[in-house]
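Trainee: One structure is given below, represented as structure tokens, and several questions about it will come after.
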Amino acid sequence: MLERYANEEMKALWNEQTKFETYLEVEKAVVRAWNKLGQIQDSDCEKICAKAAFNLERIKEIEKTTKHDLIAFTTCVAESLGEESRFFHYGITSSDCIDTAMALLMTKSLKLIQKGVKNLYETLKNRALEHKDTLMVGRSHGVFGEPITFGLVLALFADEIKRHLKALDLTMEFISVGAISGAMGNFAHAPLELEELACEFLGLKTANISNQVIQRDRYARLACDLALLASSCEKIAVNIRHLQRSEVYEVEEAFSTGQKGSSAMPHKRNPILSENITGLCRVIRSFTTPMLENVALWHERDMSHSSVERFALPDLFITSDFMLSRLNSVIKNLVVYPKNMLKNLALSGGLVFSQRVLLELPKKGLSREESYSIVQENAMKIWEVLQQGAFKNTDENLFLNALLNDERLKKYLSEDEIKACFDYNYYTKNVGAIFKRVFE
């Protein structure tokens, strides 16, 4: 975890102090459960819950000998207690404590992620509504296609982010699960009721079945969901980067007073935040393979998953949280240039209306193949003009004029009918209906 890419609230969940505090919370829940089952006296339960404490430095010191951080933890806590310490960590195994504590930490962390996703969705929605009717050219393969609105672009992003909210709700069900089932998961030394009570105290569900550990398909699902979320965020960031290119310049990341874009070129204003988000997304996705490989543990459990999770889980949550907040800020403060969008629309010389003309001809009795041939032939002439660099913004009617002078077209379409094809409103007439689908 790098401090540079961490928000304080999420970072506070993933440190040694919080980890052992959560272990202690689980251990106390187990003590309370034993007490409720009549196996530990009230006085011992009260003493443990009131007095149990640990010291990080002491845990590290003990671990030098034990080579086992959970045993170092329980030994340290026992030193803070009296005779009642005999009931601390009673009847359970290390993974009962560790995995149940991890469920608590992941649940809290995922709630922060969900909050970040909701914030991003609302920001995208608000900006989409703001630019619902802001005309721009749509591009496929990076090449001009047909007129759309910037609002549609943002609405598409918003709808995708909304799908992640649904997916994360399901993932929350999978990870908010504790297990207090003993060394082999067969409840040999503690009844099922102990697990049920302890998890109830902690606000967790119980796993239907476990072995020594909670099964890692749950963790892998989380990693994959966060990777998918990152890919969607990268998609937004990459599009912003393309739209900020100098020759496009339809949007721009906010550029603050005193900000610098280059140590050598004073004129530079770069989409550095979107580029940063793109890089963070690569890091997030990189954890999916080891987390998926953690699913296949030997028999009732081996240790191969532990080292992966010590890296992956903190970094997955911290980086995802930072990515979401940064992207939300980028979208919220994004500068949009509608005039440049209109200017770029005009740069096609009217070619963006080609399909409209194509669809009118078959209505007049011409075959689709011949219609396509006539329209494409005229379009290619305009491409040649564009390729030569002789085009001016005042030539946005190049394609229209070429069609009006084509004798073959005149047999099927009147001048007014051809001109009627060059209407931006035709391409935006369903924007309201689309927005209703997405946002209502």
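Start at 1 and count along the chain as shown; that gives each residue its number.
The backbone N, Cα and C atoms fix where each Cβ goes, glycine too.
Below are the features listed in Swiss-Prot for this protein:
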type	residues	note
ACT_SITE	H141	active site, proton donor/acceptor
ACT_SITE	S262	active site, proton donor/acceptor
BINDING	4-5, 67-69, 93-94, Q212, S263, 268-270, N276, 307-311	N(6)-(1,2-dicarboxyethyl)-AMP binding site
Trainee: In Å, rounded, how far does the Cα of H141 (active site, proton donor/acceptor) sit from the Cα of N276 (N(6)-(1,2-dicarboxyethyl)-AMP binding site)?
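Mentor: Per the Cα atoms, H141 (active site, proton donor/acceptor) and N276 (N(6)-(1,2-dicarboxyethyl)-AMP binding site) stand 24 Å apart.
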Trainee: By the DSSP assignment reduced to helix, strand and coil, which category contains E309 (N(6)-(1,2-dicarboxyethyl)-AMP binding site)?
Mentor: helix
Trainee: Under DSSP, is H141 (active site, proton donor/acceptor) helix, strand or coil?
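Mentor: Going by the DSSP assignment, H141 (active site, proton donor/acceptor) belongs to neither helix nor strand, so it counts as coil.
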Trainee: Report the same-chain neighbours of S94 (N(6)-(1,2-dicarboxyethyl)-AMP binding site): residues 6+ apart in sequence with Cβ closer than 8 Å to its Cβ, ordered by sequence.
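Mentor: Sequence-distant Cβ neighbours: H68, L70, I71.
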Trainee: Per DSSP, to which secondary structure element type does S94 (N(6)-(1,2-dicarboxyethyl)-AMP binding site) belong, with helix, strand and coil as the options?
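Mentor: Once the DSSP labels are grouped into three classes, S94 (N(6)-(1,2-dicarboxyethyl)-AMP binding site) ends up as helix.
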Trainee: Per DSSP, to which secondary structure element type does R4 (N(6)-(1,2-dicarboxyethyl)-AMP binding site) belong, with helix, strand and coil as the options?
Mentor: helix
Trainee: Sort out the sequence-distant neighbours of E309 (N(6)-(1,2-dicarboxyethyl)-AMP binding site) for me: same chain, 6+ apart, CB within less than 8 Å of its CB, listed by position.
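Mentor: Non-local contacts for E309 (N(6)-(1,2-dicarboxyethyl)-AMP binding site): M102, Y219, M291, N294.
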